[in-house]
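According to Swiss-Prot:
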type     : residues    : note
ACT_SITE : Cys59       : active site, cysteine sulfenic acid (-SOH) intermediate
DISULFID : Cys59-Cys93 : disulfide bond
DOMAIN   : 18-165      : domain 'Thioredoxin'
Amino acid sequence: MSIVNFKGNPVKLKGNSVEVGADAPKVNLKAKDLSVIEIGAAGKTQIILSVPSLDTPVCATEAREFNKKVASYNGAEVIVVSMDLPFAMGRFCSTEGIENLSVASDFVAKEFGEKYGVLINEGALEGLLARAVFVIKEGKVAYKELVNEITEMPDIAKLDAFFGGSSCCGGCGCH
């Protein structure tokens, strides 16, 4: 069990913490159109952004920032996961012009939260997801950042470095 902070106060997380190098747990989540989005499948690269709710300022900013940066991640599929209802996620994407990434809801079974160890288990945000970033390559966890303070953004510079930097042409290493 991991612990993060919410406004400086420790909060316990429920579920199994996944580590870099481990097989990525496969889970099915609901997209904004109620179709299924599979997390953890082999054959692709996924950047998973776990957030408490798109209806909070920090989460909304994170989604907007990553929406702008998707092209710099060498064809990786970027998915924002929260407990928001798919309909609310769709409205958020429409209102904010989010078109370059996917949103997925874990509201049905909280399977993502438990299998990735980011389900908040106590306090005011109990039942929501902690802020984290996972990169899944070929079905394996290749990168993980569990953000210590839920109200803060993940370290985007570290993720950029993982993908080879953020050059003008998408981190391809040609500069």
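Every residue gets a Cβ built from N, Cα and C, even glycine.
From a predicted model like this one, the values you see are computed outputs, not experimental measurements.
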With DSSP as the yardstick, break the domain 'Thioredoxin' (18-165) down into helix, strand and coil residue counts. 40 helix, 43 strand, 65 coil
Of Cys59, Cys93, which of the recorded positions has the most Cβ neighbours inside 10 Å? Cys59
Integer Cα-Cα distance in angstrom, Cys93 (disulfide bond) to Cys59 (active site, cysteine sulfenic acid (-SOH) intermediate): 12
